[in-house]
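Below is one structure; the comments refer to it alone.
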Amino acid sequence: MEERAVKLAVYGKGGIGKSTTSCNLSVALAKRGKKVLQIGCDPKHDSTFTLTGFLIPTIIDTLEAKGYHYEDIYPEDVIYRGYGGVDCVEAGGPPAGAGCGGYVVGETVKLLKELNAFDEYDVILFDVLGDVVCGGFAAPLNYADYCVIVTDNGFDALFAANRIAASVREKAKTRKLRLAGLIGNRTSKRDLIDQYVSAVPMPVLEVLPLVEDIRISRVKGKTLFEMAETDPSLEPVCQYYLNIADELLARPEGIVPRPAEDRELFALLSDFYKTPVREPALV
């Protein structure tokens, strides 16, 4: 029996680098011989920018233009080929201050199923905006096998990671969803990450170093893999994403996380800042 697609949902604090991480991870998965579809789930519709080099039309825009006649839409109307052979879709979003992001994600999945697109891929990756602030934006977890949380070594990102972990736990009550683990993005230290996972046990898939080219790649509209074609010094950075891809393709058991209570986590992480490890005084 043929294995079904691995479905991943990537979450994290707003601005933490989810889309940059998602695009590089998608290319890494493609380099492992997998057919990959990345679905951007953010009203800004810029998730796939570093794969395609431009802002592709959204599914919601296309549906509106076609009067929501699904039968008039073809795969080439909504699926765009990006770098490394990664296929890209942008869900789009409702007008600012109106509508529900979860509805948009649902319509996107509905259309892709109508087009039999889900059957064409080995990996489907949902790149989801910011923190899980409502049930609507937790909607991609309804379709995912694994959640991946992008963080850094800071208080706010880990606080958001804990809230996302709570959403995973809630969704896991009714479906086979697991947390694959954390990805530390662009950080020179990991002490606060380690402090967090010691209190809230969960896997750490990888911690990427504080490399400026990771940020620059977003501005250039290129993945690290594409930049490495002309700058081989970036190949070791690409290896981090390949390592993550290998871990996810192994279909890990994952976990149902047990997030900390907000006050408990606040105390844990703030105490870390209040009582830093001091260097021994020179005599």
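Using N, Cα and C of the backbone, Cβ positions are placed for all residues, glycine too.
What Swiss-Prot annotates here:
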- Gly15, Ile16, Gly17, Lys18, Ser19, Thr20, Lys44, Asn185, Arg186: ATP binding site (BINDING)
- Ser19: Mg(2+) binding site (BINDING)
- Cys100, Cys134: [4Fe-4S] cluster binding site (BINDING)
Considering each pair of residues in Gly15, Ile16, Gly17, Lys18, Ser19, Thr20, Lys44, Asn185, Arg186, all listed as binding ATP, report the largest CA to CA distance in Å, no decimals. 23
Just to be sure I understand the packing, how many Cβ atoms besides its own are within 10 Å of the Cβ of Gly17 (ATP binding site)? 21
Just counting, how many other CB atoms are there within 10 A of the CB of Gly15 (ATP binding site)? 9
Could you give the Cα-Cα distance between Cys100 ([4Fe-4S] cluster binding site) and Lys44 (ATP binding site), in whole Å? 14
Binding-site residues (Lys44, Arg186), the one with most neighbouring Cβ atoms at 10 Å: Arg186
I'd like the number of other C-beta atoms within 10 A of the C-beta of Cys100 ([4Fe-4S] cluster binding site), please. 15
